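So that you can see what the record holds, here are the features copied from TrEMBL:
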| type | residues | note |
| --- | --- | --- |
| TRANSMEM | 28-48 | transmembrane segment |
| TRANSMEM | 54-73 | transmembrane segment |
| TRANSMEM | 80-99 | transmembrane segment |
| TRANSMEM | 105-126 | transmembrane segment |
| TRANSMEM | 133-152 | transmembrane segment |
| TRANSMEM | 172-194 | transmembrane segment |
| TRANSMEM | 215-233 | transmembrane segment |
| TRANSMEM | 264-287 | transmembrane segment |
| TRANSMEM | 299-322 | transmembrane segment |
| TRANSMEM | 342-360 | transmembrane segment |
């Protein structure tokens with residue numbers, strides 16, 4: 001008696017979706033939710049500032065969005081001024097993203113950024129060079145200055161095991177005071193001014209509308225860096241090793257990946273991107289370097305940019321546009337009776353909710369490892 005065999009699918013096995021669109025939407029879910037939730041909370045502060053009742057919630061929503069849009073992209077001049085904020089935020093966001101992908105926290109991006117500014121200010125005053133040589137030279141100088149400053153804590157982390165967060169925080173202040181010393185106490189000081197000399201015309205980036213705004217072609221350099229880092233991380237063996245170290249250092253080491261080398265390399269690349277950002281800020285916007293009482297906020301804001309983008313360099317473009325637009329509209333918010341501090345509030349809420357995902361994953365990973373060890 002012949003038995004008929006039937007091939008029935010095993011329903012006990014879960015079929016994982018490999019649809020790239022669905023996977024992309026899943027990755028976007030938390031960042032988008034964080035932005036919407038931060039806006040939801042921010043609207044209540046708009047209601048308080050404008051003395052709206054609870055029934056006027058949607059009026060407050062419209063007010064917030066209309067003022068932010070008007071202040072950041074409402075006119076060609078304001079749109080260009082937003083680029084002044086977006087460009088450095090994109091550089092520092094990508095710099096932080098590289099470190100995050102390796103499982104590191106490069107809090108020293110601000111210091112690496114100002115050293116890139118200093119390098120550009122010094123190289124930029126060299127006379128007799130053509131723009132085709134001078135501008136690439138400034139980019140290289142910024143990358144070397146920032147990369148060197150980033151590689152130091154990376155080396156200390158790799159060889160001695162010191163905490164990169166502590167090291168980079170301390171090195172931020174060393175960078176700040178060193179830069180001020182160079183500006184105020186050396187041959188680069190302009191007599192009677194607390195600043196360096198204005199860089200040569202050949203070292204200045206082209207501006208979109210010089211009579212209207214200081215926004216320059218530095219945004220294209222920032223976009224190129226974001227695309228290059230994405231390619232490096234996802235399309236090369238170097239990027240594979242960096243991401244493997246970030247996902248699981250022990251598994252990466254077991255697979256033959258040099259943890260120390262990739263730690264130093266990631267911090268060097270992160271610092272170099274930040275340094276290029278500082279160089280472009282001087283070459284395109286500032287044209288000289290003034291003494292500073294504190295570090296520019298771009299380095300720390302870059303952490304929020306990278307977190308919201310989930311450490312994706314391409315995602316950093318959208319994050320930088322969002323935070324740059326908010327920063328650019330702060331004056332318009334204040335003019336319309338809305339506290340400009342609402343920008344920092346939105347940024348803070350976004351960081352809290354995005355960071356919650358990282359904490360959840362960290363706890364889940366710890367529990368998984370504990371379950372494996374305990375059998």
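Here the Cβ of each residue, glycine as well, is placed from N, Cα and C on the backbone.
All TrEMBL annotations are machine predictions without curation.
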Checklist outcome for this item: Here the stretch out of 105-126, 133-152, 172-194, 215-233 with the most C-beta pairs under 8 Å to the transmembrane segment (264-287) is 133-152
Item to check | Contact check, the transmembrane segment (342-360) vs the transmembrane segment (28-48), 3+ Cβ pairs under 8 Å, seq sep 6+ | outcome: yes
Item to check | Top partner of the transmembrane segment (105-126) among 54-73, 172-194, 299-322 - counted as Cβ pairs under 8 Å | outcome: 172-194
Item to check | Beyond the flanks of the transmembrane segment (54-73) by at least 6 residues, Cβ under 8 Å | outcome: 39, 42-44, 46-47, 79, 82, 324-326, 328-333, 336, 338, 342
Next on the checklist: So, taking each listed stretch (28-48, 172-194, 215-233) in turn and counting its Cβ pairs to the transmembrane segment (80-99) that are under 8 angstroms, which one gives the highest count?
Outcome noted: 215-233
Item to check | Same-chain residue ranges lying at least 6 outside the transmembrane segment (299-322) that approach it to Cβ under 8 Å | outcome: 27, 30-31, 34-35, 86-87, 89-98, 100-101, 107-113, 172, 222-223, 225-227, 229-230, 233, 274, 347, 350-351, 354-355, 358
